[in-house]
Amino acid sequence: MGNGNSREAKESRRSRLRHKLQKFRIHRRHLRSSRNSAGMVIQRTVSAEDFSGIALLTLIGAEMKFKDKWLACVSFGEQTFRTEISDTTQKPIWNSEKKLLLEKNGPSLARVSVFETNRVARNKIIGYCELDIFDFVVQEPESTCKSFNLLDPTSSNVVGSIFLSCAIEDPVETERRFAKRILSIMDYNEDGQLSFSEFSDLIKAFGNLVAANKKEELFKAADLNGDGVVTIDELAALLALQQEQEPIINNCPVCGEALQVSDKLNAMIHMTLCFDEGTGNQVMTGGFLTDRQASYGWMFKLSEWTHLSTYDVGLNTGSSASYIVVIDRKSKRLVEELIDSKIVLSMRAIYQSKIGLRLMDQGAKEILQRLSEKQGKKMSSVESAQKIPRFLEFFKDQINMAEVKYPLQHFKTFNEFFIRELKPGARPIACMNRNDVAVCAADCRLMAFQSVEDSTRFWIKGKKFSIRGLLGKNVNPNAFLDGSLVIFRLAPQDYHRFHVPVSGVIEQFVDVSGSLYTVNPIAVNSKYCNVFTENKRTVAIISTSEFGKVAFVAIGATMVGSINFVRKEGEHVKKGDELGYFSFGGSTVICVFEKDAIRIDNDLLVNSGRSLETLVSVGMQLGVSTRTFARSTLI
């Protein structure tokens, strides 16, 4: 009878938790739909009791189309985990698991990537799938094995299948599992119980001096039945009671990290994740930022060990500027930007040293200009079309040909492909009927700052940067001084047409001559270089009713043959309309808003405050006119 009641209680808790998840999933979809149709997105705060939980994701195995040694990676939010490498087979088996923390406002989309591992330095991605963890646990209440198609990153063709399961545990189960894990570590004589000496060692590991000084009193409090030992149920009761009344766990007994004692739920979650207590399957290896980093071979690990490179988010300069990691706004997942290693080394040599920039001053600027012009002509030749397949292969998982307007054979030169158009509807425009909502102007890596001062503190390190210098001598800068700044950096693999971020009238175009430095963060973050105020650029001034004047600055870069606009002065444009395009190369757009004219979306500001670029697409919401907020306040 007791076991039956226990199972019923367990099922009841799981049912209640699934019900909460179901409501949460509907709530998330409501937010998405209201963003597309009703206008401005309303940010909502959610109480802790509305949802909390941990998902146990297990990668069971896969079926591929050829034999190889395989590994799989799971990317969730800002973390990536990997399995061990399988034997040479067409059907790898991993049975590898990881616990994922589910948060109301956190990530929900997990990406699973499968790599073949016959490369020395860099393994090759073969296929991937994405799953919404919340949807999965609602539809599959138990830890049921389910098959997902693996898609080729370039063509979206099915290249195999992967089998996985996912189960969720509620806080009560989390607490009991944690107590069980504690017992297994501290139970030296393996009798399933804690003696007083074992209990004393546990209390010391919690790092609470007050608790350590009264461990005898605590032991008596935990020993509910007075048998002289502490069982799992008694320990669970102690932890729950003490954490509620007077927390006894100040430090995680595994990693030693200080815990927020006032937040008992997150303290328990932290320790549960730290223990990685599961079903006995192999636990995935963590500590990676992206699936690419997790899949690198031993050559990459050797370069890290010898400090030839570092791998981190945020502002990296000098020898640290080897890898660029950005966060995907849609999936809230970290992504590595692909750059040829030879180009990285040359950029570091030039832009992160006084000697390199001295060479620039002694004639290298003219060399870059001639090289860019020559490369622009070369990429417009018929022979250049032969480079397209190799380009697609290098950026295999970062270019989606399924959304390109024309098939590959349509492009007769590389530049035609580079300035490719997308299918209608490929980039939905947020809040299309509301001119008080600004949108992202390009597929790009975005940095946003409410003030120029913030931009120079977190990102732009050139000593001479100013709004006046950015706009040039022929544009009156007064309206934009102390204004908000948004930087849209386009990488070579991006869709290279830029769009209007706000609705209004184009007052004027002003060309500003200059150099062609790279706009890569390696140069932007250099204190020796002033990329944005020295590069060739065109300034468009857009007059709007909702934001006042907006300066749209299209900046050329190394290998960019030209900046092309498809609109004219005096023309009325709607947000989302195509404004122009860059020919071959990386490039950047900067939008400057008048002071206090826009309230930029908070997630963009938070990422930028971490010196972390956000991967966005054309049409995503950028911010809302402050005049909208002023009107709503008056009402």
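The backbone N, Cα and C atoms fix where each Cβ goes, glycine too.
Here is what TrEMBL records for this protein:
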ACT_SITE  Ser587  active site, schiff-base intermediate with substrate
DOMAIN    20-146  domain 'C2'
DOMAIN    174-209  domain 'EF-hand'
DOMAIN    210-245  domain 'EF-hand'
MOD_RES   Ser587  pyruvic acid (Ser)
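The number of other Cβ atoms within 10 Å of the Cβ belonging to Ser587 (active site, schiff-base intermediate with substrate), over all protein chains shown, comes to 30.
Taken as a whole, the domain 'EF-hand' (174-209) shows an average pLDDT of 76 in this prediction.
Broken down by DSSP into helix, strand and coil, the domain 'EF-hand' (174-209) contains 24 helix, 1 strand, 11 coil.
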